[in-house]
Amino acid sequence: MLSKPRKVMLIDDNEVDLKINSKIITISKLFDEIIVCKSGEDGLSYLSEHTDDPNNLPDFILLDIQMPEMDGFEFLEIYKNFPDPVKEKCIIAILSSTLDFGDIKKAEANPLVIKLLRKPLFPKELEELLRKYFIL
Amino acid sequence: MNAPTVRVLYIDDEENNLHAFKAGFRRQYEIYTAISAVEGLKILENVAIHVIIADQKMPQTTGVEFFKSITNTFPDPVRILLTGYTDIEALADAINHGDIYRYITKPWNDLELHNSIKNAYDAYKAKIDLRNKVIELEKTNDELNRFIYSISHELRAPLVSAMGVINLVKMEGLYESCGEYWSLMETCSNRLDYYIQKTLQYYKNNKTISEHTNIDFSTLVPDLIELYSYSDKETHFNVDIKQDVPFYGDSFRIEVILGNLISNAIKYQKTEETHKKVGISILVKKENAELTISDNGIGILNEHLEKIFTQFFKSKTNHGSGLGLFIVKEALNKIHGKISVSSDPLEGTTFKIKIPNVK
């Protein structure tokens, strides 16, 4: 079990959803800080910048699938090559509205993804998931 | 309406026959004549011919040899073979290798030949029409596939955002702030989302080819219960799964079937019931899996039992979409499963399903 998570990273191209999910996380008080990324590239550059700075790495990443240019799966392909300490610290769940069977199976099969959460995000569901990995 | 122009190519080494043919048919058709196979090929290369008539007995290339030589280069024109003698071997060869539509004996009877050309043209047209239809269908299918994919993403994403806003409204304690407006919005959004999901399920069930994977019911069932009972914590689930042998089946359709039945069992409960119960028992055997889903809900009227699996059937009292059970039945048909139902307004409803184990 990991200690109480502090930072969460949201990766989503949809600004409305970024706003809604930030707000939901703020109200539910599950994290102290939210790192908002409007694309997979943004997320990756933040992570590479702070690779050796665990204090600034997110404990948890909520990743969208459908994004222009780099989609969630492409993000994961690159993230796979990050050093192990980063991957051990930053736990990833997918947060998507997809109903595409292929997308769902692909997400579930990815070893880096702990769960596929469906939009809209329910704070209770998020909390239950976090409890399996962190001491809240 | 003008009669279509039918272009006929006639190949014969006897000049007289070519003249006679032209004289006899030029009013009805656009006639092209050639004195040899080589000449005939030249015409084919330059004119879109519909019907080819070739004499069998020609000095360099016989009619059959000519037809054989163009099977790949000019497959579309319909072929008629003219022959002055009955050579069974040539005929057999013609039918087997030259793709001959008719054979006519010389000297020809004008009416017979005329009818044959007419029929040959109809066959040509049917062949081309069919090909165009196939191309058109492939295009429509492709568009439909992309459309469905975009429904599942583009159309649903903003709806889900709106549902997220409604959640926020609840979390911030504003849900009651505008009378019942927020709850009306929520009902409408949920209903729209339900329809989008069912439409996708129906479509995917029709399209997707069965893929058989190993299914472990003891993980699948709890997942489905978690998914569908999320907004309902009152229902008590009684799950009994006996799976001693591996089960292979179509996991997408089995999820659709079980998901719809579980969500129905949760949805159609008696509001006043204090012990809402849903029972799920599954017995996996070598040859099949037997699934029973029962509830103590509102039940189904006897006179409705036969109609519940038809598309858009809704009873007056229950405001379903008329799609859930229809999709269940369609999905079962695809995987050769069977379903039966018994119900009683006092006791509730029980669905029994049998799904073949494919390995």
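One-based numbering along the chain as shown.
Glycine is treated like the rest: Cβ placed from N, Cα and C.
Caution: TrEMBL annotation is automatic and unverified by curators.
Residues annotated as domain 'Response regulatory' in TrEMBL: A:7-134. Taken from TrEMBL, the feature 4-aspartylphosphate covers A:D64.
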For the domain 'Response regulatory' (A:7-134), the number of residues DSSP places in helix, strand and coil: 59 helix, 27 strand, 42 coil
Tertiary neighbours of A:D64 (4-aspartylphosphate) (same chain, Cβ under 8 Å, six or more apart): A:I11, A:D12, A:D13, A:N14, A:D17, A:G72, A:I94, A:L95, A:S96
Whole-number mean of pLDDT values that fall within the domain 'Response regulatory' (A:7-134): 93
